[in-house]
């Protein structure tokens, strides 16, 4: 029995290794293809890389947790596995340090990632408190989508602004059109600046994308939540508010990091995606709470 489980885990880890390799190749191919076709890779490669990363992470989490669940009576097994991985960390640090770009990340890339983990954990606590409540049944289906869409959109904007700064200036000195260190919402969304235009386009993509997802949920009869007009309005309002806040904060963070001489690609995206998880989960929970209070009669919305 044990050997069979170990063999299954080996097959699973081999599959995940190949999936990670293929993901890296796909991202590189997308960047090269986008450049040859005259498309900005920031618009394409960033969401693809984020989506593939989520897929790999969730697959690993599902596989490892299933293994631990099979041997839940062996209380010391998780500690042994964690200890083993901690012991081999220095080996991977030595291997990764042979690449100069990665060596730089090893020195300075930990702070945003660890801080983002703490921010996302708050959203995880909110989700944990709500999914166990029968009144919030179905929230687990909508949470990954609202968080994923918001995170991908703000990652695109942050990556575009970072590329803009690299192209027009040097670290420590903001480009002329980004000199305002704390612009208002009107400057972020209503000006003629190229970054403002991209922010408006990204905001306009929110409603059609989420409507398509709601239609898919209704079609597949998933989510355990009736897609009522009230729910649709609340869900779209939460998604729009999340994206608007994220895009505005992205402008502030990218400006500040560039002024400090830091690369926004390495520092801003972890913070922004974590904030997206927190805002998306919080706003979605508030939407479910509002619907629970106001919408007593459930009539499915016909698309």
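Don't overthink the numbers, they just go from 1 along the chain as shown.
Just so it is clear, glycine is given a Cβ too, placed from its N, Cα and C backbone atoms.
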Among ranges 12-32, 138-158, whichever one TrEMBL labels transmembrane segment: 12-32
Surrounding residues of the transmembrane segment (109-127) on its own chain - C-beta under 8 Å, 6+ positions past either end: 139-140, 143, 147, 266-268, 270-271, 273-275, 277-278, 280-282, 285
